[in-house]
Amino acid sequence: MKKERTKVFGRGANECRRCGRRRGLIRMYGLYLCRQCFREVASELGFKKYW
């Protein structure tokens, strides 16, 4: 059997903290949230645009 490698670099290396999705990731300010989760949580984080 082959050992499963973890992705070390590139777009698939990071995932959303809430749902684990790897696409549409917002890494700015160390958020590591996908865009869908960010929209749900943005007001709690203090982003005024999404109040």
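A Cβ is built for glycine as well, from the same backbone N, Cα and C atoms used for every other residue.
Listed in Swiss-Prot:
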- Cys16, Cys19, Cys34, Cys37: Zn(2+) binding site (BINDING)
Three-state secondary structure, which DSSP defines for Cys37 (Zn(2+) binding site): helix
Number of Cβ atoms other than its own within 10 Å, given for Cys37 (Zn(2+) binding site): 20
Non-site residues, in chain order, whose CB comes within 8 A of the mean position of the CB atoms of Cys16, Cys19, Cys34, Cys37 at Zn(2+): Glu15, Arg17, Arg18, Gly20, Arg21, Gly24, Leu25, Leu33, Arg35, Gln36, Phe38
Around the Cβ of Cys16 (Zn(2+) binding site), the count of other Cβ atoms that are within 10 Å: 20
Candidate with sparsest Cβ neighbourhood (10 Å radius) among Cys19, Cys34, the listed binding-site residues: Cys19
